[in-house]
Every structure is written in C-alpha cells, then in structure tokens.
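Everything on this sheet refers to the single structure shown next.
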Amino acid sequence: MEELVGLREGSSGHPVTLPELWGPCPRMRRGIRGRLEWLKQKLFQVGEDWYFLMALGVLMALISYTMSFIVGRVVGAHKWLYREIGEGHLLRYLSWTVYPMALVSFSSGFSQSITPFSGGSGIPELKTILSGVVLEDYLDVKNFGAKVVGLTCTLACGSTIFLGKVGPFVHLCVMIAAYLGRLRTKVIGESENKILQNQMLVAAAAVGVATVFAAPFSGVLFSIEVMSSHFTVWDYWRGFFAATCGAFMFRLLAVFNSEQETITSLFKTSFPVDVPFDLPEIFFFVALGAICGVMSCAYLFCQRTFLGFVKTNPVTSKLLATSKPLYSALAALVLASITYPPGVGRFLASRLSMREHLLTLFDNNSWALTTRNVSPPWPSEPDPQNLWFEWYHPRFTIFGTLAFFLLMKFWMLILATTIPMPAGYFMPIFIYGAAIGRLLGEALSVAFPEGILAGGVINPIMPGGYALAGAAAFSGAVTHTISTALLAFELTGQIVHALPVLMAVLAANAIAQSCQPSFYDGTIIVKKLPYLPRIRGRSLKSAGVTVEHFMNRAITALAKDMPLEEVAKVVTSTNTAQYPLVESAESQMLVGTVQRVQLINALQTESPPRALGHQRYFRDVLTGGCPMEPVTLHLSPETSLHQAHNLFELLNLQSLLVTSQGRVVGFVSWVELKKAISNVANPPAPK
C-alpha cells in the first residue's frame, strides 16, 4: 500500500507524508532538522578530514591503552603464579613455560583460523598495498578482530618471547582508517578517491607509532620513511594532526587512571643537561654506529636466510602448513626454557619486562664501576629500587651478562620472527641496540674511570647515553630509517644527546643500506610479495641502462582495420587486461587502449553480418560503442632505468607502453623492471 501524502497549508506545493503532517510539534521538528542541516554544512566547510583524523587518533589511543592495561594484568598474574607456586623447580619451570606456550598457541591458532593475513608484523604487506597492489581482504574488519586478540596474547607472554607491538598496531590503524574512509564516502556521498585513500593510510601508519610510544613527530617521519617511497608535503598536516591526537589521548588516559601525575615521556631519563658528553666522545659514538651497522647486516642476513629455510625445509614447512599452533608452541618452549630464571635466564635479565629492560639500560650510573669493589648478591626477587641488579651475577661480570645477552638474543630474536602470530619486531631490536651501546659505554667507563679531559674539565662517562645511541642506531639500521633518532628523544624526553645519536644513526645506516635490504624489504623478498625494489647504489653502470635494454617486445596490439575474427582469436588466446589500439596493422601508430572486459562485452553484443560476404572490422565495434581510453603516459626506448623506476613508484603503476615516434614497440611491467634492477645489482655472468 502506497503511503498517503498531502499538502501543508501555506506551503509552496511540496508534498509531505501524513505521519509528518500529523506528528507532534511539526514546526519545532522542522526547525531542529533545519538547524542540524546548517550545522552539518558548517562543519564540513572546515573539512571532513579533520574529524576523520581526530576520530582515528582517539579511537586507536583507546584501543592501545586498553590493550596495554589488559596485558599488564595478565603479565602480573603470570609473575604472581611463578612467585607463589612454591620452591619446587619442576612446578616453577612448568609455570614459567606452559603459560607463554598456551598464549602463543592460542594467538597463532585463533588469528590464523579467522584469516591467514593476521600473522606477522603487517608492515611489509602495507608497503605492497601502498605501492598500488591490491591484496584481497587484507584490510578487512574481520582481520582487525583476529589481530587484536592475537596481539594481546602475544604481548601477554612478556619478555619470555620478547616481541613487541608497533608493527601489528600500525596494521590495525590502517585497517580502521580504511573502514572509516569507506564510511565517510557513504556519508558524504562522494566517489572513491584512490589518492586520498593512500594519504589517509600513511597518516594512519603514523597514528600506529604515536599511540604505542606517545611520539607523534617520529611516528610521522617513521611512517613516511617505511611506508611510502614518495610523499606529498601538502599531506604533512594529516599525519601530524592524527598522530598528535592519538599520542595526547594515549598519555591522557594514563593520567586519568592515576598511573602518571601529568603527561610525561614513557622512558624518562635524567641525563645532565650542562655537559651530557665531551667532544672527544663523538668518535666513540660514531664507532658505536659503525658497530651497530655491521651487527645489523649480520642480523638481517641471518634472519632472512633462516626465515627462507623455515619456509622451504620439508619438516618445518609441513608443520607450518598443517599445524601452526604446534610450531608456535615448540618455538615458545625453546625460548621460555632458555629464559627460565634459575637456569640460563639469570644471565639474561629475564625477570625484567621489556619496559624495565630499557629503563635499566638507560641508567646514568656505571654498573662496572659500582661493582668493582662491591659484589652484590643476585636477589631472589627483583628489587624495584635496584632493577639493574638483574644485569649482574656473582659468577659473571657486567660485561659477561651484557655479552651473553647479545649472543643469545641474536638467534632468539630470529627464531621468534618465524612464529606465525601477530607480533611486532621493532621494540626487540631497539632493546638489543641499547644493550650494544650499554656494553660499549661500560667498557669506556672502565677505560676512563675518571672521565675524559676536555677543555681542562673532566666529566664522567655516562653509559646510558651510549645505550640511547645504540638503540637508535641499531633499530634505524635494521629498518633503514633515520627517524629512530627522534624517537629516542621523544621516548626519553631529553634531547641533550641529539648530535652524537644522529651521527651514530647515520653511520649505522650508511653501512646497512649499502649491504642489506631492510627488515621489511627482506620479509617482502622471502614472502615473494609483489613489490618494486629500490635501485641500490647510483653506479655508472646503472646510469647507462635504458628501457630499450629490458622492455618486452612481445606485445599484442589490436588494429582498427583488423577483422573481427582475428580480434576474437586474440581475445581468446591471451589474458591481457588491456590491449593497445593502433591505427592500422601497417603503421602501428598508437591511438589508445581497450579494456579486455569491455571488449568481450562489445563482441558478445555485436550483431551478425547482414549479408554473406560482408566483412566486419574492429573499427565497427569501436563505432558501435566499445569505449577506447587515451594513453596519457608512455615510455620511450631512450628513457633511463632510473626515470622509469621513479615513474612506477611515484604513480603506483603496473605497466607502461613503449613508443618510438608514435609507433608502439613494446611495454614495461614490474617483471621487466625488477629483472633490470636485479641485473644492475648482480650482473649475470658473461656467456
């Protein structure tokens, strides 16, 4: 039954429904509706991006804080169980190992049962998406729930598994940004804008870092360095605004929960402001950067090699394919057994959380000088006032525990990266770099116990400053980023070591970027994701490479004077997404492109010839309505490899046609471009 309508008295003739006409207070309701429409127009005049980004930052801050709150309670329950279960070694060992094994198994099994895209960091796949490749269901909402639950279980394992939060949380932020973007498109009623969507995803990546570390500046720079090869400066404000909202809300929640008196940095330090370091120490900071660069190259090579081995080995590959929770439980058993405190774990500071690891490593005082004449006993329980005692054992010196920590965590971190569950890998390498810097700082404090003479004044060496520089340098070298220097300052709330930390990061990056791909690029290589690699090095041999040397000449073009029978044969014998259209088979002059789907529809609707012997040509189909798209961008055979690479990265292209004097002579896709870059980096042996 159709709804009755009527005309309001004195109206301009617009019909209204009878429920609206007879409803209570019609004038008041019309007034409220009009004011709401006016408010909506005024708000959207400011720009809907502001509200979208603010909602994204606040929402992710709430999720991050809630996750940290739950993880803290679960970790506290594990410590209570280990402490109260008794003095029997078997029960204590079982409580230490079974707890993380159960959490890791559930994290792997639950997340993988929901969607296979929830494992790992997520940043390599996001780099692939932002380069123009479509990964189905990777940003789906169901992936969000699986990743949240899995990541919470991973973090609840504590320092036993030694994994972090950054990478998966960046993935979570990007998923929420994609969902809010689709919601905004429906509300506003505008068409989907791919460029604006990518800009929002990069801003969401900045929110992911900012809501984990409360570091908006380094969050924006880190997202730009890691996620995108090219960045529009005009979009800077989006990242900073969203990251600032997220970081502010994240720290404000800690104040509301009485965890902090005011908004402060996460790892507050108290380095002297007057003379934090002497000028001769710059040399040692640069040397520390070089050491971190070499160590990062070794770590990246071993991690990529071992990850490839796990995926290709018959035993491990079958285990990962059929029973991921079992593999995760076995890996967790190995890691938990090694970190068991009464065993080897007493030499690894395993009773400290990852936060306490950093707080102790950033300590101003020299542990080696403190324990030179005094040998404090290893406490039965961690002392909250002297957590650095966990790094000392009567059987080992400070140097022994730090060196043993670096040796064991090197391969333990590599093993942990193979577990198929949501996990971040930035925080572990940040702590590992801090341990490298702490070891060098302690050695210098012993070599110069009174300090270094500079300008007639002797100032003591602070190993905590070297730990800060080592953390930024090693993590920056592994990820191929410079923003880790700024992250170190935002985490500690002090910028007194700005120059030496930045020099250490630059030295480490100079070595790492010239020898190994980054951690995320290495994962892309192992997973064989469709991603365009960088041209490493600007050597003379790459400058002379042009498109003519590596383009694909086997191209199938459709001519306007081609009979329809031949067009049908071409379509059925190939699976190309689009075909270049030329003026004639003889001239081969490029005039546009035709999409395969539209061409098939046009051929299916094409009417049969009216008379026998009447030949139909492709131009008749084009005239009949088959759309032809113009070619706005194409390459020349003389275009250099670097120019073609920049175009593909800047515009997120998949393929380009190559023309010479208007004639189509070939095409270049990712396959040809990646092969050319590989030949430049590793020239084939002469035949």
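Cβ atoms here come from the backbone N, Cα and C positions, even for glycine.
All TrEMBL annotations are machine predictions without curation.
What TrEMBL annotates here:
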type     : residues : note
DOMAIN   : 551-612  : domain 'CBS'
TRANSMEM : 50-72    : transmembrane segment
TRANSMEM : 148-180  : transmembrane segment
TRANSMEM : 201-224  : transmembrane segment
TRANSMEM : 236-256  : transmembrane segment
TRANSMEM : 277-301  : transmembrane segment
TRANSMEM : 326-349  : transmembrane segment
TRANSMEM : 396-419  : transmembrane segment
TRANSMEM : 425-444  : transmembrane segment
TRANSMEM : 465-489  : transmembrane segment
TRANSMEM : 495-512  : transmembrane segment
Exercise. Give, as a single whole number between 0 and 100, the mean pLDDT over the domain 'CBS' (551-612).
Key: 79
Exercise. With a Cβ cut-off under 8 Å, give me the same-chain residues at least six positions beyond the ends of the transmembrane segment (277-301) that come close to it.
Key: 410, 413-414, 429, 433, 436-437, 440, 444, 451-452, 454-455, 459, 461-462, 465-466, 469-470, 473-474, 477-478, 497, 499-501, 503-512, 515-519, 522
Exercise. With pairs restricted to those 6 or more apart in sequence, evaluate whether the transmembrane segment (465-489) and the transmembrane segment (201-224) have 3+ C-beta pairs under 8 Å.
Key: yes
Quiz item: What residues in the same chain, six or more past the boundaries of the transmembrane segment (201-224), come closer than 8 Å to it by Cβ-Cβ distance?
Solution: 53, 56-57, 60-61, 63-64, 126, 129-130, 165-166, 169-174, 176-178, 231, 235-236, 238-240, 242-247, 249-251, 265-266, 481-484, 486-487, 490-491
Quiz prompt | Close approaches to the transmembrane segment (396-419) from elsewhere in its chain (Cβ under 8 angstroms; 6 or more beyond its ends) | solution = 104, 108, 161-163, 299, 302-303, 306-307, 310, 327-328, 331-332, 334-335, 338, 344, 347-349, 367-368, 371, 425, 428-429, 432, 435-436, 438-439, 442-443
Quiz item: When you scan the chain for residues with a C-beta under 8 Å from the transmembrane segment (425-444), skipping those not six or more beyond its ends, what do you find?
Solution: 121, 162-167, 281, 284, 287-288, 291-292, 295, 299, 354, 357-358, 361-362, 366-368, 398-399, 402-403, 405-406, 409-410, 413, 416-417, 461-475, 478-479, 484, 519
